[in-house]
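Per TrEMBL, the features are:
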| type | residues | note |
| --- | --- | --- |
| BINDING | 219, 230, 462 | divalent metal cation 1 binding site |
| BINDING | 230, 299, 337, 462 | divalent metal cation 2 binding site |
| COMPBIAS | 38-50 | compositional bias 'Acidic residues' |
| COMPBIAS | 60-73 | compositional bias 'Basic residues' |
| DOMAIN | 136-340 | domain 'Peptidase M24' |
| REGION | 1-90 | region 'Disordered' |
């Protein structure tokens, strides 16, 4: 469990300086004066007052104390809504460590290996950008915890999807001290509801309002120097679906526990499915099984790449399948995420596209449209390889992706999103004409919303883990999930 206790000490102001009163004012801890405070007290005592006769007839100065100046309270708690950068709470190299889990079985030796501990320490010192330097991602994780803490308390039925997204994104930008590609939002805020499982965020003009009967997945990311924390949770105001949320949360925790160096992806998927599908949900007098959504997966994370190349299935896989035997390796980052459904356990493209990302495998493709060239330059400068959405383009004043009168026109484009029995499954996505040019040239990939059968409910939980040489760190763990 990560702590959000600030690294600074809150000072107590007392009227008589007694230890007892100081203890009460600091919850049983005696407040210590800083050197600056000592100097101010000395100055007070040196101030002279009126002269009076002493006991021996000599003149003495009566010490006269000046009223103490009120000092600004130290930064000890976050504002609501959150606006204070986490760097104000912690020293540069002292961000909270995530939950530590020891490796087991044939990797248990790593826990006590002095050689591996020294390796971890040396690499961190010699190469600040190495995967062994954990301070950047811990800072991002602390931002995630504080932002989601406020969001979980304040997201309520009756709010628009746009207002919820902006609440989370504004908090993230403030707390991480958004600075171009050095720090900021990791990917568009996912606010998928009900049968929609992933990849929905509101576009400009979206007027959808959260309802009391909705099941809302909140999936957002924070990055510092490209180190992305990817974590998600689900909210419901209808007790009927509590068991669905519990099933997915426990399945994610089981996947986190199973993960480790040299562990096969297929083994993790098997464990996740066993836990997930041991739960049932009673809806309207009918008992519905909770199913793992078999064409959604977890994934590895690389610097500035939310999908790092390795997939973590959430269902059993044939043992002769390459994906089953792919192993996790030391130093890698992973997003362990699971999705459960009361429907078919299979998602498809559904609705207007909002998520996009630069295609890193694209070669040199000529762009003939001037507006498309400008848009591509903006994407490279503002987002690089990080995913983005239409609202982010609107926010930076980029309007070249809209045509004057035909900007509401749509197009369809085949996009591969799943693998089934070794085959690529293609789905349709829709977009606006200006992005159409870049998507058709494979310079940008569109990621449409993904939904199960209408009428069912889906849930999601996700954590980011680091496979350190000596232990597994669940960097996004908090006291909420």
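Glycine is no exception: its Cβ is also placed from the backbone N, Cα and C atoms.
Note that the coordinates shown come from a computational prediction; the quantities given were computed from them, not determined experimentally.
Using Cα positions, the member of the binding-site residues 219, 230, 462 nearest to residue 337 (divalent metal cation 2 binding site) is identified as 462.
Residues belonging to the domain 'Peptidase M24' (136-340) score a mean pLDDT of 97 in the model. For residue 230 (divalent metal cation 1 binding site), the Cβ neighbour count at a 10 Å cut-off comes to 27, with all displayed protein chains included. Apart from 230, 299, 337, 462, the divalent metal cation 2 site neighbourhood in this chain, defined by C-beta within 8 angstroms of the site C-beta centre, holds 219, 231, 232, 298, 301, 334, 335, 336, 463, 464. Residue 299 (divalent metal cation 2 binding site) has a Cβ environment of 19 other Cβ atoms inside 10 Å. A gap of 10 Å separates the Cα atoms of residue 230 (divalent metal cation 1 binding site) and residue 299 (divalent metal cation 2 binding site).
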